[in-house]
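Colleague: Mind having a look at this structure? Questions to follow.
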Amino acid sequence: MNALVAPPVLPGAGLARLRGFVTNLAELIDSTRGEREILESGAKLLARLVNQDDWLPEAYAQPDPDRYRQYLLHCDARERFSVVSFVWGPGQGTPIHDHRTWGLVGVLRGSERSERFVRNPDGSLKHAGTDVLHEGEVEAVSPRIGDIHRVSNAETRHASISIHVYGGNIGAIERATYDLDGRAKRFVSGYANTELPNLWDRSVRA
Ligand SMILES: [Fe+2]
């Protein structure tokens, strides 16, 4: 019998959602180099991704008791963009830091606090506002619109997870953390994982 057999629907089928996101983002970046357009259209794509919480494999949703985790989910072959899941345990957060490229942050689970900083004329940093992002919401950063912030879990009793997209291989970019005096300390973040989720099994349906 030659009846068509539907492809199996496996537990990881939600990865097709992430595959769709990275292919749409690659098409967007193929079509424009304009940061404004990438952030505007990319934010819509990311909002769609984080509005469904059924696709992130457990391995990339694991908090660590000591510090937040940064799991690479995908890096463009030409390192034009990367997609990362940040997992924040209760009370966890980053130091004040920059990105040196455009970035989009979308909250998948829980909520996240982002405190923005700007430079004073003497080079020290001034707090410039706090945003709390909730599930499904997206925020942008870049050197053009404001690149220095401090991020933390806004949930006091639960882990939060946000999906970040950057205009480069963020774990390999030399960046800086800052103290309030504006003194910079160089860092390259790397990633917590050594293996990536397999987005490319097209026999697996969403
Ligand atoms: Fe950041």
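Using the three backbone atoms N, Cα and C, a Cβ is placed for every residue, glycine included.
What TrEMBL shows for this protein is this:
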- HIS97, HIS99, HIS149: Fe cation binding site (BINDING)
Colleague: Tally every other Cβ atom lying within 10 Å of the Cβ atom of HIS97 (Fe cation binding site).
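Modeller: Taking every protein chain into account, the count is 20.
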Colleague: Is it possible to get the count of other C-beta atoms within 10 angstroms of the C-beta of HIS149 (Fe cation binding site)?
Modeller: 23
Colleague: If one looks at the chain holding HIS99 (Fe cation binding site), which residues at least 6 apart in sequence have a CB under 8 angstroms from its CB?
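Modeller: Result: VAL141, SER142, PRO143, ASP147, TYR166, ILE170, ILE173, ARG175.
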Colleague: Residues near the Fe cation site, HIS97, HIS99, HIS149 excluded, by Cβ within 8 Å of the Cβ center?
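Modeller: Checked against the 8 Å cutoff, the neighbours are THR94, ILE96, ASP98, GLY103, VAL141, ASP147, ILE148, ARG150, VAL151, ARG175.
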Colleague: Determine, from DSSP, whether HIS149 (Fe cation binding site) sits in helix, strand or coil.
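Modeller: Its secondary structure by DSSP: strand.
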